[in-house]
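Peer 1: Could you have a look at this structure, given as C-alpha cells, before my questions?
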Amino acid sequence: MKVKKLVVVSMLSSIAFVLMLLNFPFPGLPDYLKIDFSDVPAIIAILIYGPLAGIAVEAIKNVLQYIIQGSMAGVPVGQVANFIAGTLFILPTAFLFKKLNSAKGLAVSLLLGTAAMTILMSILNYVLILPAYTWFLHSPALSDSALKTAVVAGILPFNMIKGIVITVVFSLIFIKLKPWIEQQRSAHIH
C-alpha cells in the first residue's frame, strides 16, 4: 500500500507541476501574479491520503518548478510563497471535509482555505515575501505605502480570485471525481 501511495502522490505532483506551467495573468492585476490550477492535484491528494500527502504535492511541484525554471530572484522566494499559499489553501479541506463529507462541505472548506490564504498571504507578503524579493533582486526597499499598495491592490485580490476560481473549478470536477476519490480512499484505509 505504501508503494501505491508513493506512486499516486508522485503522479499528482507531476500533474501539479505541469498545471503550474499552464498559468495565466488575471486582468487588472500585476503581470507577475499568475493563476494556475496546480492546487487541484494537492486537493485530490488530501482527500485520498490526508494533509501530509497534499503538502507533499505542494512541495514537490515547487521544487520541480525551481529546478526546471529557476527564479528571477536567484533563490526560490516565489516557490516558497507558492508553497505556503497552496498549503494554506488546501489544509482546511483536510480537516473539514472529513466532518462535512459532501460537495457542500468541500466548497465550504475550500472557501475557508481561500480566506486563510488571502489573509495570511497578504500579511506574509507585506512583512516577508515582498521585502525578500527586493533584497534578493538588489532593488531599493519598498516604502511602507508602496508595500501596502502592492498588497491591497495586488496580493489580496489575487489570492481571493485564485481561491474562488479553483474552488469553483474543483467543485465542478469533484462531482465526477467523487466516486474515484472515495474508492481510492477506502482502498487506502483497508
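Each residue, glycine too, has its Cβ placed from N, Cα and C.
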Peer 1: If you check the topology given in Swiss-Prot, are Lys4 and Thr134 found on the same side of the membrane?
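Peer 2: Going by Swiss-Prot, Lys4 and Thr134 are on the same face of the membrane.
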Peer 1: Per DSSP, what is the residue tally for the topological domain 'Extracellular' (131-154) in helix, strand and coil?
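Peer 2: Going by DSSP assignments, the topological domain 'Extracellular' (131-154) contains 17 helix, 0 strand, 7 coil.
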Peer 1: Sequence-remote contacts (6 or more beyond its ends) of the transmembrane segment (6-26), Cβ cut-off under 8 Å?
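Peer 2: Residues 33-42, 44-45, 48-49, 53, 56-58, 60-62, 64-65, 82, 158, 161-162, 184 contact the transmembrane segment (6-26) from elsewhere in the chain.
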